[in-house]
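A.B. asks: Quick one: structure below, then a few questions.
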Amino acid sequence: MSNDIEDDSFTMPLGRWSVFYYGVGHMLNDITAACWFTYLLLFLTDIGLSPRNAATVMLSGQIADGFATIFAGELIDRFGHFKIWHGAGSILVAVSFSSVFGGCLPCKILATCSSTVETISYSTFAAIFNVGWAATQVSHMSMVNCITLNSTSRVVLASCRNAFTMVANLSLYGIALIVFDVSSAETHDDIENQYRWIAYVSIFIGCCFVGVFHLGTKEPRSKIGVQGDCHARISWAYWFQKVLYYQVALVYVLTRLVLNVSQAYLAFYVINDLRMAQSAKALIPAIIYICSFIVSVVLQGIAWNGQRLKAYYSAGGILWMFCGAAIFLLTRSLSSFIYAISIFIGIANALMTVYGLNQTSVLNVDCDF
């Protein structure tokens with residue numbers, strides 16, 4: 001009887017506070033990632049690294065992230081303890097992120113300004129940052145299927161997470177706007193101080209939300225199956241034999257590609273191609289994230305199923321294609337229309353993200369053995 005009651009609790013819809021506590025758990029990752037992709041290359045080139053060395057630093061981090069994601073997923077699946085992995089990853093993120101934007105520590109120890117030492121130093125901390133980032137991301141995402149069996153609640157959890165991703169990005173741009181406005185960047189040290197303040201404030205905000213997540217979210221049961229049954233663990237090689245595995249991977253990769261392009265390159269397009277004011281570089285991304293946040297909140301009230309998710313994802317993809325075509329045809333004389341286009345980009349991003357993060361949860365891929 002007690003097992004039936006426990007199983008029923010996992011099929012009931014989650015309360016708003018449970019959703020909130022889970023949703024804020026990725027804030028540190030989100031706010032540091034936004035700073036990473038938006039300002040890392042600018043920071044490295046501003047302090048004197050060549051574009052090639054700056055790209056090497058970024059690439060080293062992405063390679064580490066790729067391997068760490070695979071190993072973190074395998075180890076978490078094998079040993080569980082989601083919150084321990086999340087906490088350890090968050091510590092690595094905070095320490096390494098502050099080390100990257102805090103200056104070249106080995107250069108100070110060795111009393112050298114060698115570009116080789118700088119590149120190796122930044123590449124090492126970039127790799128550590130992405131290892132911690134991957135551990136935090138994988139543990140946080142994989143908790144969804146173990147927190148609840150209710151398909152609608154699973155979508156609500158991811159939608160709340162997406163909403164706080166928007167909050168994190170907006171917070172970063174707000175911090176950067178204040179820092180760049182109140183401080184000047186006339187010397188090498190001034191530039192480092194600007195980015196150091198952005199990094200430290202971002203880490204502080206993210207760590208506060210990590211604390212809320214750990215205090216409010218209980219360690220979930222691992223390997224919850226349908227009706228409370230626990231499936232035996234299967235080999236990781238099993239998934240490479242499933243077509244659905246590649247379909248899920250392709251959808252997620254393409255979704256992340258769309259989001260990253262809208263985050264990293266649209267600002268450069270606004271400044272370099274449309275020749276708009278510098279304020280547009282911050283305003284356009286802000287409009288995108290505000291619209292995404294509003295749509296994400298609205299989506300939490302919808303009863304989801306597989307067909308509805310696919311329909312909304314398709315609508316988001318089609319909307320993005322129209323936005324892309326409009327951007328391609330946009331001329332400098334019509335540059336003000338980019339503000340309207342950014343609204344639809346934000347809507348499209350939210351629609352695609354909800355399905356991209358929830359396709360396995362709603363379709364119960366994890367139980368389809």
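Quick reminder: no glycine exception, Cβ is built from N, Cα and C everywhere.
Pasting the relevant annotations from TrEMBL:
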TRANSMEM  20-42  transmembrane segment
TRANSMEM  84-105  transmembrane segment
TRANSMEM  163-185  transmembrane segment
TRANSMEM  197-216  transmembrane segment
TRANSMEM  244-271  transmembrane segment
TRANSMEM  283-305  transmembrane segment
TRANSMEM  311-330  transmembrane segment
TRANSMEM  337-357  transmembrane segment
A.B. asks: Can at least 3 Cβ pairs under 8 A be found between the transmembrane segment (197-216) and the transmembrane segment (163-185), with each pair 6 or more apart in sequence?
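C.D. replies: Taking Cβ pairs at least 6 residues apart, the transmembrane segment (163-185) and the transmembrane segment (197-216) are in contact, with 3 or more under 8 Å.
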A.B. asks: Using a Cβ-Cβ cut-off of under 8 Å, list the residues of the same chain that are 6+ residues beyond the ends of the transmembrane segment (84-105) and lie near it.
C.D. replies: 25, 28-29, 32, 35-36, 40, 43, 72, 75-76, 117-118, 121-122, 125-126, 128-129, 131-140, 192, 195-196, 198-200, 202-203, 206-207, 210, 213-214
A.B. asks: How about the transmembrane segment (163-185) and the transmembrane segment (311-330): do they have 3 or more C-beta pairs under 8 A, pairs 6 or more apart in sequence?
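C.D. replies: No, these stretches are not in contact.
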A.B. asks: Residue list, the transmembrane segment (337-357) vs rest of chain: Cβ under 8 Å, 6 or more residues beyond ends.
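C.D. replies: Same-chain contacts beyond the ends: 141, 155, 158-159, 161-162, 165, 251-252, 255-256, 258-259, 262, 266, 270, 274, 276, 280, 283-284, 287-293, 295-296, 299, 309-310, 312-313, 315-317, 319-320, 322-323, 326-327, 330.
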